[in-house]
Amino acid sequence: MAGGITDTGELYSPYVGLVYMFNLIVGTGALTMPKAFATAGWLVSLLLLVFLGFMSYMTTTFVVEAMAAANAQLRWKRMEKRKEDDEDEDSSSGVSDSDVLLQDGYERAETRPILSVQRRGSPNIFEITERVEMGQMASMFFNKVGVNLFYFCIIIYLYGDLAIYAAAVPVSLMQVTCSATGNHSCSVGDGTKYNDTDKCWGPIRRIDAYRLYLAAFTLLLGPFTFFNVQKTKYLQIMTSLMRWIAFILMIILALIRISRGQGEGHPSVAQLSGIRNLFGVCVYSFMCQHSLPSLITPISRKKHVSQLVLLDYILILAFYSLLSFTAIYCFRNDTLMDMYTLNFTNCEIINVAFIRYFLGLFPVFTISTNFPIIAVTLRNNWKTLFHREGGTYPWVVDRIVFPAITLVPPVLVAFCTHDLESLVGITGAYAGNGIQYLIPAFLAYCSRKDTQLVFGSGTVNKHLSPFRHTFWIVFVLIWGFSCFVFVTANIVLSESKL
């Protein structure tokens, strides 16, 4: 079934899968992490980063386990269908006494756990060979309310993603172009505080420039929401290469500055007021659960997939720590920008104009390629949520209404605010919390229950999570719901003080 909903795609080695997962996780969220580290204090930030990395790894293994259970379910249903087809053929050719006895025995077998599937017919029934997306797993293991809640959560997350992207590109363009003119050339990262009402070019204020760039961004990339686009291999290679170059450059430049004794950062140990945003940024920066089916399924050898994922998380933890610690010791807390790349557009940090503009405009190139893909994904989720079996949408609804409700809300949010740290924090703390913690935990619980019901309690899922005890599922659920309460209470208390 080439091109089908469960089509695996071209296979690749486990090490290529490791690189793909690293590139998927390390994205826009990492650029907002240095400021979040500075506002929460280095010790609190490090502890929370390690803990949330561990939690994300645990729920990743839950999703992989659910993927294996879903593959087993699909395999079993096909086997059952073949049996029914064979029986129909036998019954059409005449029924003998022996056929009645065999059928009676088969019906009795149907009332017992189906251990024979694992023992006789298919020792690899839990092998992950078909791509089963999270929405499809939700439909298999959740009831109707659970499925609707899943789509609500992923739609809110994708809206947050688009709002972050829609704000990040105009912010980068505004900071670079406004600072490249007038008396404050090369001073983006020199600690000068700019207000939105400050002049950019002549009578044009900075906020006006931001909104002009937002309008241009919407007009250029918005139309892709109304069509089908897909990421090409070469586009992925190009954006991944740019990401690696940008991150490595920032780490090296910060280390050089610190080694020369020019580091200005004196980060505090802990500031509890910054934990809310740090939590959201960390959750957002470890997000990969919703893309795991497309990432894990094509891996050719999945025997050690849990160890592979663990290695990836260790590398990402080390990378985030290195990026953030070099940032908070290189720059003063009050000079760290929401988008960390903008700290390197100052002539004093780097006097090579090409590198300054490359880092300053880095989010523009990478985010612009991702925006249409996320928008089309969100549009398709809206269609799936309201789809009814056998039904079709009118042309206006399909081609106009769904793309419009996809594009307009995030652009309006970006028009009202360009506070990237808050956008990332809120998206991660709410929708990200649901996708990264609650949904994987419920998938693991429901898939285990369903597997025992269909295959019997003695059947072992070969991709069972290392955190197989029910305690871990309960722990993740309690943690996830506690985070909702904590973040909401923190926001309410912060607003009441204003």
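Note: Cβ is positioned from N, Cα and C throughout, glycine not excepted.
Copied over from TrEMBL, here are the features:
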DOMAIN    20-67  domain 'Amino acid transporter transmembrane'
DOMAIN    135-467  domain 'Amino acid transporter transmembrane'
TRANSMEM  12-33  transmembrane segment
TRANSMEM  39-72  transmembrane segment
TRANSMEM  141-160  transmembrane segment
TRANSMEM  210-229  transmembrane segment
TRANSMEM  241-258  transmembrane segment
TRANSMEM  308-329  transmembrane segment
TRANSMEM  349-378  transmembrane segment
TRANSMEM  471-493  transmembrane segment
Leading contact stretch, 12-33, 39-72, 210-229, 241-258, 349-378 vs the transmembrane segment (471-493) - CB distance under 8 Å:
39-72
Tell me the residue counts in helix, strand and coil for the domain 'Amino acid transporter transmembrane' (20-67), as DSSP assigns them.
45 helix, 0 strand, 3 coil
Which range out of 141-160, 210-229, 308-329 gives the transmembrane segment (349-378) the most CB pairs under 8 Å?
210-229
Report, as numbers and ranges, every residue of the chain located at least six residues beyond the transmembrane segment (210-229) whose Cβ falls under 8 Å of a Cβ in that stretch; write 'none' if there are none.
166-167, 169-171, 173-174, 196, 204, 368, 371-373, 375-376, 379, 399-400, 403, 406-407, 411, 414-415, 418
